[in-house]
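Student: First the structure, which I've put down as C-alpha cells, then a few questions once you've had a look.
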C-alpha cells in the first residue's frame, strides 16, 4: 500500500501544490485482479486552504486511479501476514559527536529501535503477494518498536601489577608491569587502554667491558603438520635443504632448496598388515608420517644471527616420526527424545528434548576433537495446543473403627479388663495422592474411588487428617424408683371383662434425665392374680351431716354422694359399674345428753402384708375413741372391742408375675410383621426393611419361667419390631497404580510392581476385598547386555623418518634413533565375530594403546640383550628382571652408567593382605517392623509400630589394602556392615495409685460432698505419658455431691391415752384431766430401729403429756382439733390462722398468730455444685455425666426432707444431671516408617540410607508426647570412589633449544578416594596426604576423558629480546549488564587478556597487538562503579575507581563525576604563614592563629604563644622545642608569661592558674543561678575592629 498521503514538488514558495488523499477500497464486479482503486486529488495553498485546480500545475498532478486486486471474504483463509523476528536493538540516532555527548550523559539506558519485516503471503506455499490483500482483512503488523540499549560500557581493566625485575643487572635494562581486562567494552563504550607499561631501569651500574655484548640463543619454530611421505614429497626432499639466516632486521628467514638428482627413491611402507580372517573395515590401523621444524639463532637484541653462533654438538632435532592425524568421527544423531513438557503447566517454563550420537572413531594424532555427543533444545515453549497438565490431589480412605485401647496408659493396660471399652477413642485412615480424572469421569457416583494412586511427592498442599476423635456409647445405668403400692384388682382388659380372674399391678419408673432407652433396666411392671376383679367401682365421694329424724337425739340419717369411678379414681358413666350402687342415705346416731359420745372412725391403716399365703395374711384396721362418758341413765359406751375394726387386705396370693424380655436380635430380612412401627423407622431409608425379634417369657418371682397365660396379656411386650437393615457396603479399592519403570540398562533379574489401596472395607455382607493388592512381574524386553572386547595384533617394526627426508634436514647422520611402532586393533563380540569399532568404544572399556615409541640403535649406541622374565612374587614385595650389555657396548664407558642405562627393572607385587576396619559411628537402634494383624495391609491401625525393645544397629566397614587404599568390601570378608544387637528403653508412663474409697459425706444433713483421690507413685520417664495436674500433695481428686438423710432420726409418738380425770370424790369422772403418750426415737435407715434419745436434740422431743377436758354429762362434746391450717403468704406471717374441729354438735373455730420461723415457716430449694465429670467404668474419656442435688431449706436455715418442698409444689427449674466431656489423653500418633531410600552416595563413606515418618496427630492432654526420632539413617557400605585427576601444567619445555615453540603437558591419572575429593584427597578423610593412584581401568573410559580435557598444549618460551604476549590471564568474574540493579541479559560475560611484553625498544615495531576475548557465563552479578578518594595531603589526594565488590579498577566510572585530586583556594593564599585548607579557604600554618576580617577572610597570621616559630609541619612538629629568639630578632608574643620550662615541661603555676580558673567558673555559675530572677545589666562596649580569636578558624562552615 502506498502510505504517502502528500506529494510535493519540492518548491518552497507560496505557489499552490497538488496533494493526494488516501486510496479508496478496491471495487469491481468479480473477485481478483480486475478491480479499480481511486483517490482524491486537491489543489492546496501553502497556507493550507483548498483552491481551484487551475491554480496548480497539471503536470504535477498525481494519479487518481489505478488497477487493484479485489479481495473477497473467502480470501481470508488463503492469505496471511508473515512476520520475521525482531532484529537487534540499535540506537535511534546515528552515533555523531552530539550523540557521543549524549552517551556520556547516559544514566541508565539509551533509546533504541527494533525492526522486522512483514509481507503478505499465500498460506499454502508462502509466496509473496501484494500487501493490499492482507490489509483488507487486518492491519499491517508493526514494523518498528522502541527498545532500550544500556548505556555505553567502557572497557574495565584491573590495576597494574608491581614492576617486574629488571631485564639486566647492568647497563640499560628495562622493566614492565601489566594489567588485565575485567570487562570488555560493550554498546559503543571506550576501547581498552594499554595493558602494559615499560620503563628503563634506574641506577644500574655500567656493565664491565665485554659483558654488554649480545648473547645468542637457539630458537626452534613449531613442528609442521604430520604428513605422509608421498612421491612428490620424496622428490622435494631428495634435494639438499639448508637454512639461510640473514642479518636483516625485518626480513623473515627463508628456506632455500638446492635441486639435486635423487640417487634413489624411498618407498615408505605404511604397515598395512593383511588379516585373511578379518574384513579390512574391521581392522583399525594407524599411519606413521613425519614432521619437520626450523631452527634459528637469535641475539639478545631480538634479531636473527647466523646459525653457527648457536650450534651445539647435540643440536635440536628438525624431524621426527608422528602419527597421521585422524579426526573424530561420530554416528548420525539419534531421533529426538519426547519433549519433557507434555502438558500446559502453570509455570510457563518450556520443555526440553535431547538427542545423542556415539563415537565411531576417536581422534588420533592431534585430529579434531570429538564434538558434543548430546544435544538439548527447548520444545513446547508456548504449549497452547497441549492438553492441560493433570492435577494431583490428596484423597483419604474411609475412617476405620473407633478404638479406645490406644488411649490406655501402661498401668491401665495391666490392671483393667480391656474388653468392652467405651467412651472416647480415636479413628484412623490412610491418605494417598491421586491424579484427578478428566471431566467426563467426574459425574460418576464413585468418582473418588476410580482415581489411580500416584507418588505422594506429586501432591502439594495440606495433607488430610489421618486421625480424629470418636466415641463409643457407654451403657447408662438405670436409676429406678421404688415400687408403687399394689393397685386394685382389675380385669386384664377392662373393655372385655368377662373373666373372673384379674390382676393387681404395681409399677416403677426409670429416674434420671434423658433415660429414653429402658431395654436394659429390667421389668418395670409386676402383676399378681386376684379374684373378683372390678375395673369400675362405686365410691362415696362425700358424706353429709348426720341429721336427726325428729330433731332431737338418737337415730338419724346422713346423705352420701356416690359416683362410679375407674381404677384411677376418675368418675365415669354409671353404666360401667355393674353392681348395685351403695345407698345414698345411711343411718347414723346422734348422741343424746348424758349418753356416751364416740368419735368417728379413723382411716384404714396400711396393710400388714403385701400378699397372703399360708403363713401370713394381710390385715388393716381402723379405730374410734370415747369422747365423753355417759352420765346417769345415759346410753352406755360400746365395749373396747367395738372401738376397733379389722378387715383382711391384700388377700391375693403371693404369686408375683412379670414379663421378662431378652435383648433384641440382629436386624434380618423377613416378611412384614404385624407390629406397631417404631418411631425410628424411616420410610425414606435407602436400605431394605427387616425385622428384629426377642424372646418374651412369663416369669414367676423366686420360681422361674411359667406358662405365658399366667401373665397379663395386655402387658406383654412386643416380641418383634420392624427395623432398617444395615446397608451392604462393598469393598472399594482404587485402580492399580502405574507399573514402576524398568531400568534402561541391561540389569538382569529386575522386577516392576504396582499396587492399589483399600479405601472402603466391606460391611454387612458386602463384597469382600480382592486378595491381590500388590503385584510384581519381571521386566520384559530388557536390552541384552552387550559383550564386546578389544583384540590387539602384533606390533609392527619401528618406523623412522625416511632417509630422503633425514638427509635433507639438519642433524641427519644415519638411519637410527627414535621412531614409532604401531599395532592394529579389532573389535570382537561374544561369539568371537568381528564387530564395529563403535561397539567396543561403547562397551569394551579402555581402548588399548596403538602407538608407542621405539628406538633403532645407531652405530655408537649402547646395545642390550632382551629383558628376562620378572621373578616370582613372594608376599607384598617386588619382582625384578635383568638385561646385559652386548657387543661393543660392554667396552664403552658411558654405557655402564646405570642412571641412564639401567640393567635391573623392578615392579611391585600385587599385595593380597587386606585389612577390614570399622569406620564411623553406629547408626541409631533400628527396631523391626511389627507384623500385620489383618488381611488388609494398607489399612491404618492394623499394625502398631514398635517404639522400644530389641533392635539392630549398623556401622560401616572399610576394606583397605597394605598401602591404605580403599577397596570393595567383598575383597576382605564380604561383610559390608557391622551389625550388633541393641535395645531401646521403653517409655514409662506416669503411674498413679488406684482410687481410694469414697470419703463420708461432708454434711450430716442435706447436700454435701464426698471425694476420692489418687496419689503419685512413679513419675514419667523416657517420653512416657505425663501426669495429670496434681496438687501440692501430688494427688488428684474426684468429687461428687452426696445427700445425708436429714430425717433418719425421727421422734415417733403413739396415740394419746384416754383423758384421765382424778375422780376419787366425784363420779362420774369428768372435767379437766391429763393425757399421756409414748415417744420413741427411730432410725429409718435401719428399718425403724429404736435408738437412744440422746442422738437428737431434747428440745425437739414432742410433748409426752397434755391437759384434756373430759366432758361431763350435759356438756357440749367437741371432736378433737383438726391440724392447723397453713399460714398465709410471707407478707402476712403474723396474721392468725384458724383451727377447725370436727363437726359433732357445734362448729367452732380458734385462731393462733403466725410467727415467722416459730410456728410458721417458708421453704425453698437449694441446689448443690456440680460434681466432677464422672465416666463409665469402661471409659477412659469422652462423654460423662455430672450431677447435683437439691435440698429443701426451711426459712430458719434447717434442712428439711425434700418431700416437704415437693408437697408444697415449689418450682424446681434446675437440671440435676447433665452431660460433660473429659478430654481424651491422645498420645502422639506417627505414620509408618517409609521405605529405606537409596544410598545418598554411590561410593565413599558419606552414603546413608534414610527413612522418615511424620506426625499424624500431636499429643493432647496427658497423651504420650511424640518420639524425637522422625528420621533414621543407616550407613551404606563403603565402596571406593574413583576419579580422574588432572595434573597441573608443566613448565613450557623446548626440546633441544633455549627458546621458541615448545610443549607443556599435564597427566591424567586415576585416583581412589573416600568421596571427599577434592576437599580431602588423602588416603583417608582424617589423614591428609597426596592422592593414591590406581589402575586406569577403574576410572572408566580414558578416551572419553582425554577428549574432554586437553593434556598437551603448545606454548612459547621467549628468547632474550623477544617481543611477546603474556600468558592468558585468568577469566574474570561473571558480570551481568544491569539496568537499575536488574539484569538486562540472561547471560553474563567473562573476559581474559594477553598483554604485550617489550624487552628491547628496537624490536617493538614487530610486537603483536594486545588481545582479549570474552565468553558467556552463568550466575553473574550486577556490579556498580564508584569514585573513591584518599584523605588530603598537602592539597593532594588519590582518586581511583572501585567496583561494588571492592576491586579497584580503571574504567567504569564516569569521568564527568571524577573528584578533584588537587585542591586550590580562591583567592590564592598570599599572606605570610598561610596555606590552603581542606575546605578551600585560606588558613594559617601550624603554630599560628588566624586573624580574620569582618568579611570572614584571612587578614594575617599571628604567632600562637608557646607555639613553634617556624612553619608548622604536622608530621615533625612537637611540643618539646626549646624557646629561643626568633630569627628576625622579634620577641614572641606573650614573652613574660612562659608556660613551658627549659626542659619542655609545663610549669607548676599553669596547673595552679587552671585550678583557680575552674573554681572561679564554678563560683560564677553559682551566683548566676542565685541571681537569675533579677535581670542583669550588661555593659555593652564596642569591640575593637580586629581581635585575635581564641580558637583558630580553619574555614570550616561549622564555625
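Quick reminder: no glycine exception, Cβ is built from N, Cα and C everywhere.
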Student: If TrEMBL is the reference, give me the range from 1482-1506, 1507-1531, 1532-1556 marked as region 'Disordered'.
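Tutor: That would be 1507-1531, per the region 'Disordered' entry in TrEMBL.
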Student: If you count Cβ pairs under 8 Å, which stretch among 328-380, 731-783, 1228-1281 touches the domain 'Spondin-like TSP1' (990-1035) the most?
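Tutor: If we count Cβ pairs closer than 8 Å to the domain 'Spondin-like TSP1' (990-1035), 1228-1281 scores highest.
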Student: Counting each residue once, how many in the domain 'Spondin-like TSP1' (1228-1281) are helix, strand and coil under DSSP?
Tutor: 0 helix, 18 strand, 36 coil
Student: Need one number: mean pLDDT over the domain 'Spondin-like TSP1' (328-380).
Tutor: 84
Student: Going by DSSP assignments with H, G and I as helix and E and B as strand, what are the residue counts for the domain 'Spondin-like TSP1' (328-380)?
Tutor: 0 helix, 19 strand, 34 coil
